[in-house]
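*Asks:* Pulled these from Swiss-Prot:
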type    : residues : note
BINDING : Asp298   : Mg(2+) binding site
MOD_RES : Ser43    : phosphoserine
MOD_RES : Ser45    : phosphoserine
MOD_RES : Ser85    : phosphoserine
MOD_RES : Ser160   : phosphoserine
MOD_RES : Ser163   : phosphoserine
MOD_RES : Ser167   : phosphoserine
MOD_RES : Ser171   : phosphoserine
MOD_RES : Thr175   : phosphothreonine
MOD_RES : Ser600   : phosphoserine
MOD_RES : Thr602   : phosphothreonine
REGION  : 1-570    : region 'N-terminal catalytic PFK domain 1'
REGION  : 571-584  : region 'Interdomain linker'
REGION  : 585-942  : region 'C-terminal regulatory PFK domain 2'
Amino acid sequence: MSGETVHGISCYSVVANTEDTYNQTLDFYQKLGFKKVASFGTSDSDNARVCNESLREDWMHVAGNNSAESVTIKFRLVPGELSLSPAAEDSEWRGQKSSLVFYYPNLLDLLKQLSADAIKYQAFPNEKKPDEVYVEDPLGNLIGFSDRYNPFAHANLKKSEESGAASNLESGLATPVVETLKKATTSDKPAGVKKKIAVMTSGGDSPGMNAVVRAVARIAIHRGCDAFAIYEGYEGLVQGGDMIKQLQWGDVRGWLAEGGTLIGTARCMAFRERPGRLRAAKNLISAGIDSIIVCGGDGSLTGADIFRSDWPGLVKELEDTKAITPEQAKLYRHLTIVGLVGSIDNDMSSTDVTIGAFSSLHRICEAVDSISSTAISHSRAFIVEVMGRHCGWLAVLAALATGADFVFIPERPAEVGKWQDELCNSLSSVRKLGKRKSIVIVAEGAIDSELNHISPEDIKNLLVERLHLDTRVTTLGHVQRGGIPCAYDRMLATLQGVDAVDAVLASTPDTPSPMIAINGNKINRKPLMEAVKLTHEVADAIEKKQFAHAMELRDPEFADYLHTWEGTTFIEDESHFVPKDERMRVAIIHVGAPAGGMNSATRAAVRYCLNRGHTPLAIDNGFSGFLRHDSIHELSWIDVDEWCIRGGSEIGTNRDTPDLDMGFTAFKFQQHKIDALIIIGGFEAFTALSQLESARVNYPSFRIPMAIIPATISNNVPGTEFSLGCDTCLNAVMEYCDTIKQSASASRRRVFVCEVQGGRSGYIATVGGLITGASAIYTPEDGISLDMLRKDIDHLKATFALEAGRNRAGQLILRNECASKVYTTEVIGNIISEEAHKRFSARTAVPGHVQQGGNPTPMDRARAARLAMRAIRFFETCRANDLGNDPSSAVVIGIRGTGVSFSSVADVENNETEIEMRRPKNAWWRDMHNLVNILAGKTFAD
């Protein structure tokens, strides 16, 4: 050979044959200070610098003072390649294998770090004054460290310092490994050493816990941290070892659709004692973990905060007993705790709802809906016991959603000696109207006003003896914990899991342990122990018979739902009637496409009208039915009895608006003496109300209180954050996508492009993508471009290459029906198939009107009843104050945060609406789009 000589090292490459060893190797070199600078997959096979056989490549670099002193290592994942045998421990490693030797000026610091990470090493000539140190990386490659920058030098760094030659070398000439480990003695974390965040589930399991673990793991990795799972709750924390495992990106694939907790939960008496917590602290420090995200109930979160308060003393004791080194004690002197509330009872104060509560409510309503058919068949009474030792949330919401006849809860106990008569009178009165079934919901903690327990058997015996009813008791028990998480719990768990990681990274030693809560539809952080204290106050208030205070400690929605159930359940009591001159004829009309909750709202409006002395009128088949066929009739109590559980529209609906014939519409209003109008529907209903309000100037019969209750699966009505039917639609889309994703996973290498409805609003596509784990979503707000498709296809190529045919490897793309006129669902599917080059396949799926759902979800039923009752109250206020012609008497009744809002339709139309696009100007859910991309691994892969 002749010519130019070698000037330096361009790069060094290592090859792994399994993904586990590949990831372990990346982690090993990152601890040494190497930074990832490039990532490649099979889609980059045309890049000459990438090995054609590589399924994955990551290039890592460490910078020196100039390019010749820098080091680049190419890591390659090539299945089937032979692995190196480990060196014999009883011999000198550097004589058995070739080695790559890095310069490092302070080998004593290095030995301390290797010991802390439990990495085996050999030091020469000895550990007290080493000149060279050797370790094996996870692939079996021998890596050396020397404090001689020049291998031909006879003097090491310490001797060179005497001659002034060390000033440049100590700054890290060849590698930032020097700076990385040298800073360990002056900061909480060595530079280049990742923060390690552990997640654990504790206490009773609840649906949505797996979504928490998935979100925490992926967001932690995305934020540059290492994610760990602590298996079997506090028991795993005390045992340590294999109970604490690192989570890789792919380990949590498919977890969104799983119920319970896949990392386990168990009771642990040992953790309640200091010796148990001491072992737990040792296990965490050994694993390098100083942050824990705990998902559980108030007991689990209390235990976590006690652990944090004990931490400094535990670390000192471990240091004093030499169980850990002084360096470890300094490095892990603080513990960060973040709490997430996983509880089906929804019994935690300071948050509107807990993870798992709505899924449990789904199970209860499914059971009661099923029981109803057999109860009607045999004219039976059923006593259904639900969970809730100190909280009646499940019982109240279940009673409201299923139309139960009576409910017993701990916060509002039945009056001792009187509840028996109240129950019997209530059930017998509806039986006289022709009702064939009786449903009584009982919380397991139900009591009377003297704190005597009320059991289902007590109620059964009463009904049998007094009313001679064929009565059965059904205890749902752990059925309430089972099943897949519902759409809301998946969304809530994901959003709170994301914020929990951010809370860890923002935490300081002086910050109180936060609890991630949701208040007013926003994720918030609350002081953990304050929330626990308020939760315990509820039980204390009940014990002290301070029942009003116990109700005050619950969230405002709870009391509102209880009042709604009372107002729509008990038979007309004339003592609650308004004065005769204030009684109204209230018309109810459905406008637009069917949506879950329309019938529930109608039922609640009818029953509350009757309870207040008003006359409810149903307009059949929308405005066209009203104008062409004079389709209007009164509704009675029993007419709407089963409507709360029915989907669709019992009185018929279409998209016609009153501008078909505004004058004739006004005549019909006058003819039937309509005093108030409830319009239940979507954007067409919003348009109809706007038209009627604008026509008041010409038609006096429209000068009455009017309101729209938004009901559309698209959730595109301005003036509210949620429309009735959107939760039912999300659950229908979720179940559909879970099914096709299962098919895609079975085929291993398949992606489904699923078209969802929503009009020009991307709500269903965006939130649907979040709760189903979609790889990509396309919405009208963002449109579709060729570059967008190219990036998503490249991402799919890389994903399928990395998954290498493993289970749960199916991919999903959600496309809104109006996202693009050019890039249709079929076109996108064909483009993906063509670009895949048979590495994977693409199929399209269009659920169509299946998305409207069957029976409405409990959330839509409860919201519908609440809004309908508030509408009647609003009409009464307008009537009493003679506001019929005031713009404020034509309103959109919506949900903003946890409260019910009344917004003038004129103001909403002028300030909050994109009329041409038929959607609100500001959508609270838009930020979720970026989160979908992150959790799909796009930003991570980049």
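Cβ atoms are placed via backbone N, Cα and C, with glycine included.
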*Asks:* Could you put numbers on the helix, strand and coil content of the region 'Interdomain linker' (571-584), residue by residue per DSSP?
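*Replies:* Each residue of the region 'Interdomain linker' (571-584) counted once, the result is 6 helix, 0 strand, 8 coil.
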*Asks:* Just counting, how many other CB atoms are there within 10 A of the CB of Asp298 (Mg(2+) binding site)?
*Replies:* 24
*Asks:* For Ser600 (phosphoserine) and Asp298 (Mg(2+) binding site), what Cα-Cα distance in Å is obtained after rounding to a whole number?
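*Replies:* On Cα coordinates alone, these residues lie 34 Å apart.
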*Asks:* Counting only residues 6+ away in sequence within the same chain, which have a CB under 8 Å from the CB of Thr602 (phosphothreonine)?
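*Replies:* In sequence order, the residues whose Cβ lies under 8 Å from that of Thr602 (phosphothreonine) (at least 6 apart) are Ile588, His590, Ala618, Leu635, Val640, Trp643, Glu650, Ile651, Ile680, Ala868.
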*Asks:* Taking only the Cα atoms, work out how far Asp298 (Mg(2+) binding site) lies from Ser85 (phosphoserine), in Å, as a whole number.
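*Replies:* One finds 50 Å between the Cα atoms of these residues.
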*Asks:* Out of Ser85, Ser600, give me whichever of these modified residues has the highest number of other Cβ atoms within 10 Å.
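*Replies:* Of the modified residues Ser85, Ser600, the most buried by Cβ count within 10 Å is Ser600.
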*Asks:* Once the DSSP letters are reduced so that anything not helix or strand counts as coil, what is Asp298 (Mg(2+) binding site)?
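*Replies:* Going by the DSSP assignment, Asp298 (Mg(2+) binding site) falls within a helical segment, counted as helix.
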*Asks:* Quick check: in three-state DSSP terms, what is Thr602 (phosphothreonine)?
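*Replies:* Once the DSSP labels are grouped into three classes, Thr602 (phosphothreonine) ends up as helix.
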*Asks:* Helix, strand or coil: which one is Ser85 (phosphoserine) in, per DSSP?
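*Replies:* DSSP call for Ser85 (phosphoserine): coil, neither helix nor strand.
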